[in-house]
2 protein chains.
Amino acid sequence: MRVDGKPYTTIWAGDDGASIKIIDQTRLPHRFEIITISDVDTAARAIAEMWVRGAPLIGVTAAYGLALAMRADPADANLERASAHLKAMRPTAVNLQWAVDRVRRLLEAAPPPQRFKTAFAEAGVIARDDIALCEAIGMHGLSLIKTLVAGKPPGAPVNILTHCNAGWLATVDWGTATAPVYKAHDAGLAVHVYVDETRPRNQGAALTAFELGQHGVPHTVIADNAGGHLMQHGGIDAVIVGTDRTTASGDVCNKIGTYLKALAAKDNGVPFYVAAPSPSIDFSIADGVREVPIEIRSEAEVTHISGLTADGEVTRVRLTPEGSRALNPAFDVTPARLVTGLITERGVIEANASALAAAFREGIAG
Amino acid sequence: MRVDGKPYTTIWAGDDGASIKIIDQTRLPHRFEIITISDVDTAARAIAEMWVRGAPLIGVTAAYGLALAMRADPADANLERASAHLKAMRPTAVNLQWAVDRVRRLLEAAPPPQRFKTAFAEAGVIARDDIALCEAIGMHGLSLIKTLVAGKPPGAPVNILTHCNAGWLATVDWGTATAPVYKAHDAGLAVHVYVDETRPRNQGAALTAFELGQHGVPHTVIADNAGGHLMQHGGIDAVIVGTDRTTASGDVCNKIGTYLKALAAKDNGVPFYVAAPSPSIDFSIADGVREVPIEIRSEAEVTHISGLTADGEVTRVRLTPEGSRALNPAFDVTPARLVTGLITERGVIEANASALAAAFREGIAG
C-alpha cells in the first residue's frame, strides 16, 4: 500500500540481497522510519520489541532472520540455536513457530553452503504467499462491499467499522480486515472507515488510521465506546475485523473489545464479518470462550500512553492516579453466533463447524 | 467522601460566609487543588471551564454563584443579568437551569438587602437535598449489593463494573452510581470496582479511580474494551452506571459506551443497574434512541490526551496521525430492555413506563 504516495510492503529484501528492510512500527504514526536488518539478532529484536507486529509479518521476519543467521554461520548448531532464539521472541505467536519450522526443515535437507540462499528465497516465498492470501480475502470482501454499495443512495459512502489493526502493517501487504477496503477504494467505490481507537495499545488510532490515511482512504477515528451509538443510528453498514485465532466452531479470538462490537452489530442488524485467513483457524479448539487462553499484558499499557507533544517529541504520560491498579486482558472471544461470515481466502463462509470443515478440512468434518 | 483521609464534599461554604470552595476537577487525578470563589464571574467560569462538572454539582455551584452576585449588587437588574449569565455557561445542563430558576424565583419575592443571605442559604439547601438524594440511592443500592454478597463465597469481593464518573465528584457527596459502593464499603462489605477508563475524556481513569482510591475502595482500572471479556468469565457481579437523562419509558442516556456494557451484561446474565435520581427523569421523552439529542464534542478529545510526564508535568499529547479526523459523540442511549433496574431515591424500580409513572408521577401514568 502507499505511504507518502509511494508503494510499500512491510518487509522487503535489501538491494544487496543480504539484508532486509522493515518499517519501525513502534514509531508510527508520528514517525515513518525504515530499519535495515543484516543479522539474526536484530531480526529477533525487531520481533521482541515489536518493531514488526502482526502474525504474518512476524512469521516472514523470522524466516528472513533465519536466513541472515545462515549467512553468518550455516552450520547445524547455528541453525538450531537461531531457530530457538527466534521462536522464543514471542512464544505464543503461532505464525512465528510455523515460519521458523518451515524454513528450518528445508535447511536441514540443504548443504550448509546453500542454506542462506535457500532460506532467503523461502522467506520471499512466504511473503508472496501471504500477499496472495490477503489479496484473495480482499477480492472476496470486495464482493460484499459491492453488495453494500448497491443498497446505498448513489454517491453515499459505505461505512465500515474496524477494530485494532488487521491492516497491511500487520501483514506484508493489503492486510486482512483492510484488504476488502483497499480493493474497494482502489476500484473507485466510495468507502469510508470508522477506526476504533483500540485501547489500550491504540493500534487503531496509531496504525490503522495511519495506513488508511497514507493510502488515501477516507476514515474517521472514534473512541472504542462510540461504535454502538453509530450503529443505533444507521452510521455503520458493516463491521470487518481480523482474528488472532478462529476456532473449529467459528468463534473468533481477536483484540479486546471485538466482542462488544459484535454484540452491538447483532443488536442493530449490522453485518459483522471477520477476515479469517486459514492460518488463523485452530481446529484443535471448539469453544473459544472456554478454551482460548487470553494473554494478560502489562498494567502500564492501561495506566500510561505515548503521544506527540506540541514540541514534536514523543512522550509517555500517566493517565491514572498514583496507586490505582489496572487489568489488561489483550484479547476477547466473539462467539460464532454473533459472526455474520468469515471472509477467508477461499470465499466468505458461515462461522460454524460444518462450513469451516467443508472449506478447509477437505471433508474431514470436525 | 475522604481525600487524604479527610472528609470532603465537592463544594462548601467558606468560613467567612461570603465565599465558596470547590475542588478544581480539571487538575485531577494528578493534583488536588481547592479554589475559593467569591464572585459570580468566577463561579460562572468554574462551570464553563469544568472546574466543576456533573449535573448536581453544576446546579449547586450556580445557586451559590447567584448568591455571590447578590452580595455584590442585589438589584433586580443584576439578578436578571447574573441568572442569564450563569445559565449560558452550559446551556444543555438541565440542573443548571433548574437551580438558577429556583433561587431566582425565591429572590424575586425577597427585598434586595436580604437577597444574598436568602440565596446563600437556599444554595446550601439544594446541596443538602442532593446529598440526601444520593444517600437514599446508596441505601437502596446497598440492599442489592448485600444480595450479591450472599451469593458469593465467604470473603470473596463483589465485583461491580462502572462507567464514567457518576461518583461523589459529580454530585455534592456520595455520587449516584458510586453511592451503593461507598455504603457497602463503609458497612464493611468486601466490594471491588472495575473502573472503565471511559474514553475519550477518561473520567473513569481520572476521577472515579481517584475518588475510590482516596476513600480506600479497592478498584481496578480497565480499558473500555475489557468489560465484555470479564463478564464472559464471571468477573463482574453487577454493573452500576449513572444517567444523564432517563426517559419516561426507562431508556437511559449516559456516557458514550454505556450501551455496549449493557449489551454485554444482557448477553452474560449480569444485572445492569442504573442509579437514576428523579431529576434525571424526563417524562417528555419516551424513545431515547430516537428522541434524545446527542452532543457531538470536539475532535481534539479523541485525537489528544493529557497525562503526567515522568517529570511530574501535566502534558497534552497527540495520539492520531496528522490529518486523521475524529468523531466524538458524548453520550449513547441504552434501551430500557437492557436495564435490570433503576436505583432511584424511592427504591429500585423496573425500567419501564408504568413503574416510572407509579414511582414518580403520583398516579399520572404517561
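Just so you know, glycine gets a Cβ as well, placed from its N, Cα and C.
When Cβ atoms from all protein chains are considered, those within 10 Å of A:ARG53 (substrate binding site) total 22, not counting its own. According to its DSSP assignment, A:ARG53 (substrate binding site) is coil. Per TrEMBL, the feature substrate binding site maps to A:ARG53, A:GLY54, A:ALA55, A:ARG90, A:GLN203, A:ASN254, A:LYS255.
A:CYS164 (site 'Transition state stabilizer'): 28 other CB atoms within 10 A of its CB, across all protein chains. Feature annotation from TrEMBL assigns site 'Transition state stabilizer' to A:CYS164.
If you take the C-beta of A:ASP244 (active site, proton donor) and look for same-chain residues 6 or more apart in sequence within under 8 angstroms, you find A:ALA55, A:CYS253, A:ASN254, A:LYS255, A:SER280, A:PHE331. TrEMBL lists A:ASP244 with the feature active site, proton donor.
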Among A:ARG53, A:GLY54, A:ALA55, A:ARG90, A:GLN203, A:ASN254, A:LYS255, the record's substrate binders - longest CA distance, Å: 18
Where A:ASN254 (substrate binding site) sits in the secondary structure, as DSSP reduces it to three classes: strand
Among A:ARG90, A:LYS255, the most crowded of the binding-site residues [Cβ within 10 Å]: A:LYS255
Proximal but sequence-remote residues of the same chain as A:GLN203 (substrate binding site) (Cβ under 8 Å, at least 6 apart): A:CYS164, A:ASN165, A:LYS255
